[in-house]
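Right, one structure below, let's go through it.
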């Protein structure tokens, strides 16, 4: 069966922003204007389509990315008059749920970055922008909340350039702001669009008001200058001084070219809540963001080889898909979200999972609308879908044709910063607790579940207090487990203080087959954030190449277990210098043990340095509370990096140890009568000051 929509009419997009910038509200309006829903729900009422988890409705925030599909026929531009399929992922804005943004951006072709017009670029909007940079995702920007007090379009655009290093290009200019926001000027066509009422209706084709004509013409000249850098036709007309000959089609072609090359970012404006500017944004999604066929062929490598291969977008190519999200459903079991890069999948298609070596048979295929399902017979290259029947698949796994295997780039791993202990209230609930945590950890790669080696307690590690609070709440609501929960603690790390050379000989002669392994390692600290840097510097084949991965595996296992109090060891450089084998007793298992014990012995000799997570904090506060905010940050061992005025408030940037930040946001609201706000994200792991190491080491053992 052929696809219903041609691939060039697909748009796979995400909506991303800082918390409270209006992502979910914008998504609701997109669904409304595309006819996907017939009435809009509001975030503050807990009635939105895309925030379907009970925790999302209760808290008024997005926790998990939600997928849906809509169709839009642009009024104008290159896609005018032709229905386009838009697959939308609405992503969280809270830093604790940044893994949802990470995995969404990994599989999307384009994104809409939403900014609060009164704030411009905020901390988490900067974080998600960097994530989009990592995956080379083309973007357009939507300056939202133009009807809000303090809205400033020019400031917001300037902040995109100053803080994100991007080249924002305004394709619209607002007429008024705050309560006076009444319309906008389409700079591409040089005509005004006046909003008419609260239902999203507008009057197009109006003359540009004389009061703003000079400013608007200056902005259009900037637009033309930016487009001249992207398109030869625009450049020729611009250089010749024939500005009146530059058509809307010329500018749209240049804007699309620049957006796809990520050399510029088209910027639009509006008010999602008031339904203003949303239809023009939908036109821009079609006209400026790429189809799957516009993107480079996805690349991977052949399992077990260094050979790079590509998979062009083609329905007739070998099936290739990436599992980017898992979800449990009581009615149907495990649901695996897939981005199909090539080929066609049907119920019964057999796929290889190179990560496990297992073959998986596709059960049913579905398109999702939040938590609702639409079953389909087949899916094609470019589709974002969900599948049942895939038993052994994890987030980040590739599923491919067994005859033409390939492994695609997986997802980035995020280091947790907070942990807490949980335990079942009764022995009868222990199995339910373990099963529930196993399912939640399978869904959420940023959630780590471990066991305290001394107390035997189950430890949850995550991205923040709210993250773990939601996990515990989901244990109760989805798995029926009322767990006892300890106080949140810092997720400490250790690293090595100095470099040492370590020999280790592992010999076992009794109790079954013999084991023999001898290794000589050079072990020392690696640059911060490097993880394990392992190199094989042996000469003359003293250790066969097939045994070297076992040594690395043993070293990695010892680092994960840590050398004191179960605290993981990070950022270690290991050079394998020499070794020895026995013709019969030298097995991969023996060398894994030798690598593990050699690393532990080296760490005890080198000494360990305790590391703590240090957060990048931004506080927005009225001027009258600035002194109190700064004093409190200093008392928490914070280092103020800078301050800037944002209208009537001050923005304070600081780096503060996570150990000093438990309960900070709640306390800040109390001290400022609810008028100050704070956000934070992990900056880096840094050494604990010598004066605090003894007390923090005791806390790590507690």
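Including glycine, each Cβ sits where the backbone N, Cα and C put it.
What Swiss-Prot says about this protein:
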BINDING   17-24, 90-94, 144-147  GTP binding site
DOMAIN    8-293  domain 'tr-type G'
On average, what pLDDT score does this prediction assign to the domain 'tr-type G' (8-293)? 87
Around the Cβ of residue 91 (GTP binding site), other Cβ atoms within 10 Å, all chains included, total 28
DSSP, reduced to three states, assigns residue 23 (GTP binding site) to helix
